[in-house]
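For reference, the structure discussed in these notes is given below.
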Amino acid sequence: MLLLLTLLLFAGTVAADFQHNWQVGNEYTYLVRSRTLTSLGDLSDVHTGILIKALLTVQAKDSNVLAAKVWNGQYARVQQSMPDGWETEISDQMLELRDLPISGKPFQIRMKHGLIRDLIVDRDVPTWEVNILKSIVGQLQVDTQGENAVKVNSVQVPTDDEPYASFKAMEDSVGGKCEVLYDIAPLSDFVIHRSPELVPMPTLKGDGRHMEVIKIKNFDNCDQRINYHFGMTDNSRLEPGTNKNGKFFSRSSTSRIVISESLKHFTIQSSVTTSKMMVSPRLYDRQNGLVLSRMNLTLAKMEKTSKPLPMVDNPESTGNLVYIYNNPFSDVEERRVSKTAMNSNQIVSDNSLSSSEEKLKQDILNLRTDISSSSSSISSSEENDFWQPKPTLEDAPQNSLLPNFVGYKGKHIGKSGKVDVINAAKELIFQIANELEDASNIPVHATLEKFMILCNLMRTMNRKQISELESNMQISPNELKPNDKSQVIKQNTWTVFRDAITQTGTGPAFLTIKEWIERGTTKSMEAANIMSKLPKTVRTPTDSYIRSFFELLQNPKVSNEQFLNTAATLSFCEMIHNAQVNKRSIHNNYPVHTFGRLTSKHDNSLYDEYIPFLERELRKAHQEKDSPRIQTYIMALGMIGEPKILSVFEPYLEGKQQMTVFQRTLMVGSLGKLTETNPKLARSVLYKIYLNTMESHEVRCTAVFLLMKTNPPLSMLQRMAEFTKLDTNRQVNSAVKSTIQSLMKLKSPEWKDLAKKARSVNHLLTHHEYDYELSRGYIDEKILENQNIITHMILNYVGSEDSVIPRILYLTWYSSNGDIKVPSTKVLAMISSVKSFMELSLRSVKDRETIISAAEKIAEELKIVPEELVPLEGNLMINNKYALKFFPFDKHILDKLPTLISNYIEAVKEGKFMNVNMLDTYESVHSFPTETGLPFVYTFNVIKLTKTSGTVQAQINPDFAFIVNSNLRLTFSKNVQGRVGFVTPFEHRHFISGIDSNLHVYAPLKISLDVNTPKGNMQWKIWPMKGEEKSRLFHYSVVPFVSNHDILNLRPLSMEKGTRPMIPDDNTSLALPKNEGPFRLNVETAKTNEEMWELIDTEKLTDRLPYPWTMDNERYVKVDMYMNLEGEQKDPVIFSTSFDSKVMTRPDTDSENWTPKMMAVEPTDKQANSKTRRQEMMREAGRGIESAKSYVVDVRVHVPGESESETVLTLAWSESNVESKGRLLGFWRVEMPRSNADYEVCIGSQIMVSPETLLSYDEKMDQKPKMDFNVDIRYGKNCGKGERIDMNGKLRQSPRLKELVGATSIIKDCVEDMKRGNKILRTCQKAVVLSMLLDEVDISMEVPSDALIALYSQGLFSLSEIDNLDVSLDVSNPKNAGKKKIDVRAKLNEYLDKADVIVNTPIMDAHFKDVKLSDFGFSTEDILDTADEDLLINNVFYEDETSCMLDKTRAQTFDGKDYPLRLGPCWHAVMTTYPRINPDNHNEKLHIPKDKSVSVLSRENEAGQKEVKVLLGSDKIKFVPGTTSQPEVFVNGEKIVVSRNKAYQKVEENEIIFEIYKMGDRFIGLTSDKFDVSLALDGERVMLKASEDYRYSVRGLCGNFDHDSTNDFVGPKNCLFRKPEHFVASYALISNQCEGDSLNVAKSLQDHDCIRQERTQQRNVISDSESGRLDTEMSTWGYHHNVNKHCTIHRTQVKETDDKICFTMRPVVSCASGCTAVETKSKPYKFHCMEKNEAAMKLKKRIEKGANPDLSQKPVSTTEELTVPFVCKA
């Protein structure tokens, strides 16, 4: 009672002291003027929108209640040019005014302390009208007393004498309850004089003054935000409806209110609120789409109330001034009112309360309400009453801001009676289905926009309506025959409906898809394709939606189908990540300000059911060794991105459960989502994985790449950079170094911090340069400042041990438009082993050798322990804004491919019809109320169509000759819509300004492909299909527009009469070609659209092609390309190629046939596809080149029609392993019979390098390197009689360079090696290459054409104008004046980075001084293959060349390990391939492929000379040191003789199996292109080279060839030797003809001499705390063990009865295992009880495993006393 009395006294005091702004008994009439317009800003001054005018009457009943009425309302639509801006005054005479359809019913304004707290309206007043009333009444909200002021130090408090104020307040208006900056100041007489409309009744100031109140709203800080948004998943700083969105979006609202008299008692003279919304329509547009609104109230009169407004019938509170949601599907007004609203009991029925007692009662009642609401937790972030109810699976969501939902009087358009949503959807589906068959005109029909309209319409449909629509269409895919052309419209109808349902994204749509799958309507790949898109399209993934998805996932029809199970599982987990785990995505991607959080924070299904289910499935797949399913569940768990997954991955990553390296690598790679949601946690785990040097490089490199996504601290980057100098794994070091150096170059804000750190640690990296085949990370960006676009590309790949092809490739690219990221496109390709793929997948059974080869026998004698082939596993993933596709595979799946391909070929033999359509959308929506109470709507939509229809017929022969005939219509179409506008619900209008762009490609082609692989022929024939002679093949357009759209008219905007495209005044059209041709191009755009015309510039086009979205701007453009044929084209375009080769024989290859000068040869047969010409040119190409092999390519292009032409191009060239000579011949002929135009070009060129290939530097010391070449070009109508260009060139080594090279350390080291008898080790190989450097070029050209000379001279003149070139020109006395000759001389400087170039022409002489090679894209490395510090050049030699040398006393392996060598009389395996273990059968060894059965053996005689055996397949080549300077050669036991002029070749079926030839003075060479090996020897030393195909596939004295020199001493037993002599002896063949030291050492070898190779070892990389367990690791660490530290724990207690299980609502203090209670006490605990069902038992089991679920929000079932420990000790 005392409290009540105190409150009464306080309330009375407040009431007595407060002076009301509204004089009781007075009536105020205000003129209401508002306008809301939209336009494209500077792009056009055309605006479209609506103007409203009305009268507002306000009657002051008492200090807390105002009665009001809006009446005499009128509105007019406008769509016109406003050169003076959107505020241009428009007289009523120029407007078509209509009555505003408002009810005109009176309403109440509830006040408190002079501020508007609530609007009381008639319950029957439409919600759209209520929101407009709020926008009007909101103009009267003036807080001059700081009632809602935020108390901060910066507040400026006004006084009566100095009415200056500045403060911030949290204030509600129709746009939301947001922070408002108040500025109050007196209004000067000058301003009033200049703008008298501000003070329409100046006498009202009395003794006071006129004052101006400025309110600026801060939309970044709001307590109640009203908006609907969808589709911005990748943006971290996005807050829809605010200004935190970079240049993409900005929003402002400013109010100017003029009051008279004083701040405590005043009259509002005028109030104007101006609001502006600016959006980049397509995100990257430079011009903004605008929505501009203004609400203006001006006092018209003030008088005593003569006729009081009637009381409000059926009153209802609307909460506050904030926009209010309603149920768009209800027949009555169901509004969502916040808790602050008064209930019906609080709404006093007497509108004329006047007694102070009643006022006090009301104030106390309000005060009580405020006290209770402030202490209540009802309006938590979990649930707010003003939000719409969460969507159900059966019903469409209540989206109260989107056009189709509020477009008809605030209700969904189906309420209009004019739109039957079912029939309208059906009609749209049939329209689209029919238009898909007129693919050429898809842009004209606006088919893609119709599909978007269909999707939006279906989002308003409930489950029953969708079922009725499906039934009405009478389309069942099970009844469709996919190969029946007569059903093409029905097929299109089904695919349109299917894709529309997929894109709809509502609960009813999902139930439809679920039903399709359960009843088998969609199966396998079609169902998988649908499921893969759902996470991208779902609008409201509520807990019930996800629960239903989970039930579908467990359905056998899904789980038993591999492709469907993979797609569904990954989609389910991606949806969980977006909707439940990733807070950024939860907020940015879904309409949380409309429905609140879609999944309750207290929903533990993710932890109790979803993750455990996936964990069980992973464990089951692991037990069954089902690799595709293992990969699926690894990716699925990683896709969730929740820390809980670490506990699932832990046993596998730490080796407690064995997984393959590939699977562990995928597991680490799947942590990418965790790096986004919890970067610190992910960083810790990834860093520990990286530090484990015993882990495989694939796993570690993947960890490195992901680690960079977590923005590691500087100290961590420093550690990693330093560690590159210590880590022995080149793959990992290469990944770290390349990634850090790539990061250094980035400048964009996103990478700025990490780039700065990378630059600071760069100096700590190892200086070693790594090959590009090793693991690398690249990050590239392109910044387009003028378009506010930054494009990013990330490429990571992990190298292979057994191939140059990476095992893992990850590529992603995305663009940032301001701060808005467009969803990225990611591509991932992984394979466990390239060699396994080659061995097990690409080779057919007949290609595998069945007899034991010589190499296998040697491997058996050496008892080589083979490695098991890595099990073949792999996957391919594509993830973009439309779908996520993941295809895991293993050997068993690949084994099925040949059968599948064979079945497909069999199916298309008869040319069956196909019709495949795919429609996809990417959508983003933002909507919120404007300050005029009308919904603002922004949409960004991308609609894409891919279509293939027609027939394919194929015939394939066993010898890979095949014929394919097809009649196909291929279509790709894309429509991008960026639209800004607002909705007027009372007249079902949507006013829009936007930019639409279209890209359309159509190819209706009849194609015939004939490939004859044995003969090397291929021919394409291409015709346009019949009936398509005038078809549109290409369309591109950008159309800015404004539109006054009737929402009930479900037609594309381009077909609306209210749409006005912004065609520029200087628009012009261009048609090409001017004359008739097979194609016609029409271009339409503005003359001033320079960017469009600049695309003709090849350089700018090339620069923009990688980023095609930057090629357009906002200006109008339209490009169409048509076929322009008069009738059916019966003759095809023919493109044919022929390839042939020829092994040249004597006498053609005799050296005397080589001529020092090459002459262009005119073929005797110039017809297309001439075998005679090909043979002639091959013979000429190989003439005079020893052991040459010639090749020829013959191309023919025939174009029929009016401009018939025949083009022939033939190129022939030769190569030789024996001589350093080469020749190239070319013939080009163009014939156009109808125009009698023929043209020919004949080219002949040759090159010769001397000395020829040398291996030993001592052979080179006295020889001068040089290169001679010449080119002969003849051209004209007949090249035999036409003009000629003759070019001769020489490259030489200057004496200066020779002297410089001779003084380098490389040469000196080689000389020292030669003194010890070692002449071919790597040092001397470098010396040979270094000594062959050429630095002088001299070229002379005979040019008879004056035009060509003039053109060349003009080019020189243009070069001279380049700023960074130092050029001197002499035109007065040119050296070649009067001659038809051009000379070019160039000389490199001593550092080989600059050149002096002198050019002499008949017109001028030019001297280019110190030309930097880098300016022209060349580097020193392009000139050299090696370098030395003496030349100031580094890293030119590849340190890991694929060569192995056995020199006089030392050897070097393939991987560069150097060791002393002494062979003795025993044969030793220098290099041999060996069989592998079949991973599917550990007892079986796989045979070595026939073309990889290679062994090289060597031994020494008493003189220290080396005898060598080479076993290539079934051939045996033996090299025996001879009495002369070169070894004797035996092939299969038969002695052969080779000399400088005579080589030996073994040829089978025009293929050289191997050839033997002389190299230099004393070396013999052997090369086999078939086996990819080569050998050079001189009787004392041997050099062996092998291709990358042998990587990690050989053993012997040359090492294991895995590009890692640390393990080169691997012995036959797969262990490592320490001592070189042990390693050498281990490869001795001791079974026969073996004696001496090698035999003794080999026999004495013990097991301890050979160390077993350490296999990969996993370690503890996930701690207890990181896996979510109780941290027990810290308790035993350190010198001072705190055994009691973790004795006290908290555990949820469980009590079980017969029918219930009860859980403590909060964890209870307990003693840990191994600890006991020292002291106890009793304490009451609340329990929540559940029925004993499956859910309760699952929760119990989870608690028993250590979980402590949060049950604090559950209802209390009972309270019991528990005895709990007070102190626990171990």
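Backbone N, Cα and C atoms are what each Cβ position is placed from, and that goes for glycine too.
As the structure is a computational prediction, the values presented were derived from the model and not from experiment.
According to Swiss-Prot:
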| type | residues | note |
| --- | --- | --- |
| DISULFID | Cys178-Cys222 | disulfide bond |
| DISULFID | Cys1444-Cys1598 | disulfide bond |
| DISULFID | Cys1466-Cys1634 | disulfide bond |
| CARBOHYD | Asn296 | N-linked glycosylation site |
| CARBOHYD | Asn1067 | N-linked glycosylation site |
| REGION | 373-394 | region 'Disordered' |
| SIGNAL | 1-16 | signal peptide |
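Shown here: features listed in Swiss-Prot, placed on the structure.
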{"residue": "Cys178", "record": "disulfide bond", "DSSP class": "strand"}
{"residue": "Cys222", "record": "disulfide bond", "DSSP class": "strand"}
{"residue": "Asn296", "record": "N-linked glycosylation site", "DSSP class": "strand"}
{"residue": "Asn1067", "record": "N-linked glycosylation site", "DSSP class": "strand"}
{"residue": "Cys1444", "record": "disulfide bond", "DSSP class": "strand"}
{"residue": "Cys1466", "record": "disulfide bond", "DSSP class": "coil"}
{"residue": "Cys1598", "record": "disulfide bond", "DSSP class": "coil"}
{"residue": "Cys1634", "record": "disulfide bond", "DSSP class": "coil"}
Rounded to an integer, what is the Cα-Cα distance in Å between Cys1466 (disulfide bond) and Cys1598 (disulfide bond)?
17
Rounded to a whole number, how many Å is the Cα of Asn1067 (N-linked glycosylation site) away from the Cα of Asn296 (N-linked glycosylation site)?
39
Using a 10 Å cut-off on CB atoms, tell me which of the disulfide-bonded residues Cys178, Cys222, Cys1444, Cys1466, Cys1634 is the least crowded.
Cys1634
Cβ atoms within 10 Å, counted per site: which of Asn296, Asn1067 has the most, among these glycosylation sites?
Asn296
Have a look around Cys1598 (disulfide bond) and count the other CB atoms within 10 A of its CB, chains all included.
28
Here the recorded positions are Cys178, Cys222, Asn296, Cys1444, Cys1598, and the Cα closest to that of Cys1634 (disulfide bond) is found at Cys1598
Which of these recorded positions is closest to Cys1444 (disulfide bond) if you go by CA atoms: Cys178, Cys222, Asn296?
Cys222
Could you state the CA-to-CA distance between Asn296 (N-linked glycosylation site) and Cys1598 (disulfide bond) to the nearest Å?
90
For Cys178 (disulfide bond) and Cys1598 (disulfide bond), what Cα-Cα distance in Å is obtained after rounding to a whole number?
76
